[in-house]
Amino acid sequence: MGSKAIFSLVLVLVISGKFVQSDLTFNFDNECSFSVWLSASPSVGDGDPERGPGTLEIFSMPDPWTGSLWLRTKCSYDASQVNFTCETGDCGSGSVDCQSPPPKPPETLLNFNINQNVVSYEVSLNHGFNVPVRIQPIGGTLVGGSEVCPVVDCIKDMGDVCPPSLVAINKNRAYLTGQACQPNDFSKRFKELCQLAHTYPGDNDPPIYKCSGASAYNVTFCPL
């Protein structure tokens, strides 16, 4: 086979998407008044997970990738400067790196399925709540239709409405725990506050959206 034929074959493979992998842009915007530490399961290769207040980071998410993102809060080293722990979202790694181990509830989960620039996305409170979040696709259309890809979020502070029997208390605020993940009076109240999030197992309103062709995804922490 001549060199021109080999080049043509490579070009066809590149155009068809079978030869190279392209990452997807995620814009992580921390509008919280405090630092957060981004965590992922499985790993997204984030070597510096701390996001200070008021920072915006453009991050290349792997494509394909299926998993969950969440935030850790109130993180610090102990007196020995060896063990790194967080008040919420801690994954038990004992280090700043928190790639892959599952977190200890409660935490707000952002679930994604990324495959060749087609992305399924949701905000899930099935394992509790710790930080308000929003996912906003930039451009793109819903798979199977012509509608624009919608925003999903939970921007209310659940600690202000959660009854005492359903919270875990830390020194600054209250966090929703797993008991509220049942379709009962409490979860109905949380659904009223976060209509675009899934608040208990089996909640499919709204459906898990599937977006094609978005140029990027804005993920905002504390979009209040």
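Every residue gets a Cβ built from N, Cα and C, even glycine.
TrEMBL: automatically predicted annotations, no manual curation.
For C222 (disulfide bond), the same-chain residues 6+ apart in sequence whose C-beta sits under 8 angstroms from its C-beta are N30, E31, C32, S33, V131, P132, V133. Under the heading disulfide bond, TrEMBL lists C32-C222 (among others).
Annotation source TrEMBL lists disulfide bond at C75-C86 (among others).
The disulfide bond annotation in TrEMBL covers C91-C98 (among others).
What TrEMBL lists as disulfide bond is C149-C211 (among others).
What TrEMBL lists as disulfide bond is C154-C194 (among others). Sequence-distant contacts of C154 (disulfide bond), defined as residues of its own chain at least six apart whose C-beta falls under 8 angstroms from its C-beta, comprise T108, V123, L125, F129, P132, V133, L193, C194, L196, A197.
As annotated by TrEMBL, signal peptide applies to 1-22.
Counting only residues at least six positions away in the same chain, the Cβ atoms of S39, S41, R72, C98, P101, P102, P103, K104 sit under 8 Å from the Cβ of C91 (disulfide bond). Rounded to a whole number, the distance between the Cα atoms of C211 (disulfide bond) and C75 (disulfide bond) is 34 Å. Around C75 (disulfide bond), a 10 Å sphere centred on its CB holds 20 further CB atoms from the protein chains shown.
A straight line from the CA of C86 (disulfide bond) to the CA of C149 (disulfide bond) spans 34 Å.
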